[in-house]
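Some features that TrEMBL has for this protein:
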TRANSMEM  12-30  transmembrane segment
DOMAIN    98-295  domain 'ABC transmembrane type-1'
TRANSMEM  102-126  transmembrane segment
TRANSMEM  138-160  transmembrane segment
TRANSMEM  172-194  transmembrane segment
TRANSMEM  230-257  transmembrane segment
TRANSMEM  277-299  transmembrane segment
Amino acid sequence: MIKYVVLRLLQTLPVLFGISLISFGLMHVTPGDSAEIMLRSGGVQPSPEAVAAARSELGLDQLFYVQYGHWLWRVLHLDLGVSVSSGRPVIDELLGRLPATLLLAAVAIVILLLIALPLGIASAVFPDGWIDRIGRAVAMISVTMPGYWLGMLLLYYGAVKLQWFPVTGTDGYSGVLLPACTLGFGLAGTYIRLIRAGMIDALRQSYVSSARARGLAEHIIVGSHALRNALLPVMTLFGIHFGHLLGGAVVVETIFAWPGLGKFAVDAIFAKDYIVIQGYVLFMAVNVVIVNLVVDIGYQMADPRIRLGKPV
């Protein structure tokens, strides 16, 4: 197990290096002069001398690998630069909005599980029955309905017409429910299908037949035997989707004005705050890598048959 963890950690090093290189390269592929664009964000046309001074201060007049080395050294010390818009350190801006995004992701996961687990399990236990048809219908709607459209429907009926919820996500904890429902329902369809398929396959295995022959109750067979094995593939997909949720679900946060990382990134794009955009991309990519690393290790712990580079 320790060897597996060490190997997975070593595998992440080139990934993190590539992420840092891409994040740094954003400043060099943006159209125009980055220093001039940042100076123009104040609404004043900068002089050539001011642009030259800004380029020197940012190190943009140095060779690419020299700039990258200096930038990487600062990143290793958690220095992602200073936001042009607010004048605050980017890392402080990101960490300040992280709790809101974590809250949104946590509530969305709870809603996702409340929808997907019962429907996925029941659809597998009673295939082709009425509950299975309901589960497949919910899954189809979830997968095909655009998230922004569902978000606007919930916002219009839940907040404007019925006035059960606040219009924006900043009005207390009740403001998190509508955006969380949008995210949770949008992902539920995939999990309903995956859990249903995994449960049907698990219920056909010989160990389930043996458990039934020993006289075990059906709910014990379903909950303790079949479900545990059916959920293993779900863990991998969950890691990918948790990274998506941690990324702030940009569209949903923008629709509901939720003060998380996604809306922060959108505001930075409109403000042409490239330092913030650069820091956001790096911050989120590193978090996604870490989450997937944890999921991979958890997957291996849940199923000891799995070994790096070996089929199950």
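Quick reminder: no glycine exception, Cβ is built from N, Cα and C everywhere.
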| Quick one: do the transmembrane segment (230-257) and the transmembrane segment (102-126) have at least 3 Cβ pairs under 8 Å, skipping pairs fewer than 6 apart in sequence? | yes
| field | Positions on the same chain near the transmembrane segment (12-30), where near means CB under 8 A and six or more residues out | value | 37, 60, 64, 67-68, 71-72, 75, 274-275, 277-279, 281-282, 285-286, 289, 293
